[in-house]
Amino acid sequence: MGSSGLLSLLVLFILLVNVQGPGLTDWLFPRRCPTIREECEFRERDVCTRHRQCPDNKKCCVFSCGKKCLDLKQDVCEMPNETGPCLAFFIRWWYDKKNNTCSTFVHGGCQGNNNNFQSEANCLNTCKNKRFP
């Protein structure tokens, strides 16, 4: 098979991947946990220790000062701030994509989402220089 045949197969493969959706591309090109270095005021409780402990094909990643289940297809910095259902009172930071800034919010101490940082510096380090579509 000549180079034009290989090129045709490559184009067909790319089109097939686009039609099949993310499932096939995730299998071929698995996403990895983020590698963001942060200075933590304290180590947070780990939510998981292995990928299989995470629901819905999420991955167990070191993120925001502890191990957390992350959906690698969803950008943490695009999530809204979520207080969670518990009634503790922790001042935390979240990234506001609309205003391109980090702001404080009160976290109840459980659940919520991963757009939840110990400090403004960690929030900015994770989200500020991202390019959003």
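Heads up, the Cβ atoms here are built off N, Cα and C, so glycines get one too.
Bond annotation: of Cys86, Cys102, only Cys102 is listed by Swiss-Prot as forming a disulfide with Cys123. When the candidates Cys33, Cys40, Cys65, Cys69 are compared with Swiss-Prot, only one is recorded as disulfide-bonded to Cys54, and it is Cys69.
Looking at Cys33 (disulfide bond) and Cys77 (disulfide bond), their Cα atoms lie 15 Å from each other. Among the disulfide-bonded residues Cys40, Cys48, Cys60, Cys65, Cys86, Cys123, the ones whose Cα sits within 10 Å of the Cα of Cys77 (disulfide bond) are Cys123, in sequence order.
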